[in-house]
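Quick look at what TrEMBL annotates:
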- 49-71: transmembrane segment (TRANSMEM)
- 86-283: domain 'TLC' (DOMAIN)
- 91-110: transmembrane segment (TRANSMEM)
- 122-142: transmembrane segment (TRANSMEM)
- 154-171: transmembrane segment (TRANSMEM)
- 177-200: transmembrane segment (TRANSMEM)
- 212-232: transmembrane segment (TRANSMEM)
- 252-271: transmembrane segment (TRANSMEM)
Amino acid sequence: MTSSITSATTITPGAAAAAPPLIDLTVAFPPPWPVQFLVDVVGLQTLPAHWHILLGSAVACQVLLLLSRYLSPLVAPVSYRGLSSKRKLDWDVHVVSSVHAVTIVSLAWPQLFDPVLVANPVFGYTHQAGTTYAICCGYFLWDAIFSLVHVKTFGIGFLVHGIACLAVYLLSFRPFLLYYGSVFLMFELSTPFLNLHWFMDKTGMTGTTIQLVNGIVFLATFFLARICFGFYSSYQFFVSVIAVLDQLPMALFLVYAVANVVLNTLNLYWFHAMIQSLRRRFASSQVRLDSPVLDEKPARGLIKSESTDSLVHQQ
């Protein structure tokens, strides 16, 4: 069932960011009551056109996790079967994280050149951009549920991260910051290389030349995407939003402003810490198989210390 509805925007952009006062939405399926609640209470007016994609994305993430559980023993029989139950779960999560990163970067990249979003980076909306965010929110919905189920294994930090990311990206369905959200989704460019580093550790390739090359590529993409492009885009973000600040709830601006500053600060810390970790790993004759910095995070957003099953390996 497909229907077309016209939704009036609650925020009317100024002359510098002109946009039509109405948004035409093609709704494939009638939204269930939780979606309608978010529309009525939070103002997520474009969510009815994308809620089914969001839900499908979350289901797809769980299917990927299960596929990894059954296919990984065939792809890496020695390495995967030799892992503890927790490390097997780690492995499966890294598979989902890698697929999501490649998918979301591929979808977000065209949004950086979309004339509608470029002309109106704060309030602009296109159906394609909404679909990209629905897939992203589906991943974080899955991440939050997964972290809740396994909170005793992975800790409360993962759960908080998943919920926070889901909430921030859900607000894009007002619509709000679809252009700048796509900019920050490009941070995921470094995630596949980070995950590859992790897989190399678990498959006996620690300290090899190929891991060193991958580490350098990872640091380069991290620096270019998160530090260079990220800091420049953050400046543009503040310029664009402050120009229409009188049309925004102050609480909404503060949430994104604080999140922006915190994320940039963490990126600087992570980059410095990872350089030091990579230096120690390949300069020392004794190398830890599970580096606490270059291991799991920021693939899912936080740095996680791998204190268990950390071994000293003679290079």
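Any Cβ shown, glycine's included, is placed from N, Cα and C.
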* Look over the recorded stretches 49-71, 177-200, 252-271 and say which has the most C-beta pairs under 8 A to the transmembrane segment (154-171). => 252-271
* What average pLDDT does the predicted model assign to the domain 'TLC' (86-283)? -> 91
